[in-house]
């Protein structure tokens, strides 16, 4: 980016997180999302800074907003992990100590200590669990039912499928987190947080990390 422009107010730019299914935006503290087919209708006039994990959706954004800038190279997250996704990096950048859980199409769990990424793991997202059950056996093709508690054992196939799915995710998070604070983001964050007493939902976590990256690069100068 030639002679990087700097901004003193978040209101003057738009942050964009390009996912595998939808494209998410943050303008100041307003969050919204779009399918790739609807991007042009948004009519965004401000400078767009983005990250992307999906090449096709990234091309769709650039077709509509050719001046949008990829900020993947604007920062460094201390880690020995090879191939850490840019969305995971941004979420981790926003946390100094704790466990970051992004509960989207996949569920990623990452440990951060004093700003360093220690490692993490990846689980299927809740929707992917349902898809896997469906492929395994017809009787396991059950609709998702939100559970109120994991303390009561299931007494139906539908409840058993949902119980096993949710418990496997919660148990993995708790095993890695121990007593550390858990920061949740992604579409299923609020649901999972009900089973995790040391957790807090941070809907803007990835965007918070993007703000930090822009500040480190001298592009965003507001406090």
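Sequential numbering from 1, following the chain as shown.
Each residue, glycine too, has its Cβ placed from N, Cα and C.
The 10 Å shell around the Cβ of residue 87 (active site, proton acceptor) contains 25 further Cβ atoms across the protein chains shown. The active site, proton acceptor annotation in Swiss-Prot covers 87.
If you look up Swiss-Prot, you'll see 17, 18, 19, 20, 21, 22, 23, 24, 105 marked as ATP binding site. Here residue 19 (ATP binding site) comes close to 53, 54, 57, 87, 104, 105: these same-chain residues lie at least six apart in sequence, with C-beta atoms under 8 angstroms from its C-beta.
Residues or ranges marked as substrate binding site by Swiss-Prot: 81, 85, 86, 87, 88, 157. Sequence-distant contacts of residue 86 (substrate binding site), defined as residues of its own chain at least six apart whose C-beta falls under 8 angstroms from its C-beta, comprise 51, 52, 53, 72. According to its DSSP assignment, residue 86 (substrate binding site) is helical.
Positions annotated as K(+) binding site by Swiss-Prot: 102. Taking a C-beta cut-off of under 8 angstroms and a sequence separation of 6 or more, residue 102 (K(+) binding site) has the following same-chain neighbours: 87, 88, 91, 108, 184, 185, 186, 189, 205, 206.
What surrounds the ATP site, by Cβ distance within 8 Å of the Cβ centroid and not counting 17, 18, 19, 20, 21, 22, 23, 24, 105, is the set 33, 53, 54, 57, 104 from the same chain. In sequence order, 16, 17, 33, 34, 35, 36, 39, 57, 60, 61 make up the list of same-chain residues 6 or more apart from residue 23 (ATP binding site) whose Cβ falls under 8 Å from its Cβ. Comparing residue 85 (substrate binding site) with residue 21 (ATP binding site), their Cα atoms are 15 Å apart once rounded.
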